[in-house]
């Protein structure tokens, strides 16, 4: 489900790091263009040095609402990781075509991009808690249709109908997810909270692919999709128990937020353009997403077609890869604190490229699994860094629109990239295509050295 570590990384990545405890880049103090007065709760830099910590700055284990939110999303990812494997397997099982797998990924990605155009404006206008619950319930119903229809035989067209709808709703959820995390956790705990959310989601992602592989091997991939549908229901039930602070209820009462949707999108784009580091990240991730959106399909095809292994092995490879996400998510706060945002993000993207370059040439399952883990570890580090920076530096009343604009731009060309990557791999093989795409990712990291990202963090 729309979790940052899984979207950004690449991302699919707050009170600004104004103070010395944050280690953010020098540009973090920039507050960007405003479309109205900032009425959100002040960040940690606004309080005096002797102010007592707010409830949102207490140790995470003492924060009830964050704990429930954390548990809900972990269970949600456990189910969602079933669909991550099951949907491509349904297409491959019915058609035997990597290109058709890539087309499904592209259709879903295109719907996500279109939804991102307006997601931020919607999130900033409505009650965010109700929005998140509603998104979970809608996806529960939509994904639940797939296994029911599959009882009467494969209907691949249904996947091309339901997945775009789910991805569009998922984008609304993902933007809302980013905004509510900052209402639950603030200040020095924000990067830690994002890292923990990604780490435990990845831990669930270890069990999920293993379970999905077993379920797909025993009863078919459609049953694995049913598990995902149920997980959305559990997530919605848990969300009912979470009490959000600050602006989680939305800000529809603000005149500036009743402006047109296109004006809202322009407000997000203007903020990104006006912040040097976010401007660079947006441009670099635009290219990165073009290159990597189809990687999941590429790995599944490589294991099933090139190496001649079964669904159970696909699940094992994905589970080992998720261990990399856990590692990266747990280390990101410490690594960023020591080396700074620029070095951490740049090194992580370079690591992604090196792992990607080797994946298509890997002839043994342990090597494929290890390279997948390395790639996802680097994605987790880079994604959490860019997500946390965006949460830190964006005024709260703009956070939904900035997140929406960021993802719209980042993923604008990614669906085309997925089609190109999978189509090229089916024609020329996974090895040369992986090498070219991985090399391009390394070049992105090199290009980052010539942007404001290379500037020193505050320390």
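Cβ coordinates are placed from backbone N, Cα and C, and glycine is handled just like the others.
Going by TrEMBL, these are the annotated features:
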COMPBIAS  1-15  compositional bias 'Basic and acidic residues'
REGION    1-57  region 'Disordered'
COMPBIAS  16-31  compositional bias 'Low complexity'
TRANSMEM  68-92  transmembrane segment
TRANSMEM  98-119  transmembrane segment
TRANSMEM  131-152  transmembrane segment
TRANSMEM  158-185  transmembrane segment
TRANSMEM  197-218  transmembrane segment
TRANSMEM  224-244  transmembrane segment
TRANSMEM  265-293  transmembrane segment
TRANSMEM  313-332  transmembrane segment
TRANSMEM  339-359  transmembrane segment
TRANSMEM  365-385  transmembrane segment
TRANSMEM  405-425  transmembrane segment
TRANSMEM  431-453  transmembrane segment
Contact call for the transmembrane segment (339-359) and the transmembrane segment (431-453): at least 3 Cβ pairs under 8 Å, seq gap 6+: yes
Among the ranges 98-119, 158-185, 197-218, 313-332, 405-425, the one whose Cβ pairs under 8 Å to the transmembrane segment (365-385) are most numerous: 313-332
Contact check, the transmembrane segment (405-425) vs the transmembrane segment (265-293), 3+ Cβ pairs under 8 Å, seq sep 6+: yes
Among the ranges 68-92, 98-119, 131-152, 197-218, 265-293, the one whose Cβ pairs under 8 Å to the transmembrane segment (313-332) are most numerous: 197-218
Recorded stretch, among 68-92, 98-119, 265-293, maximising Cβ pairs under 8 Å relative to the transmembrane segment (197-218): 68-92
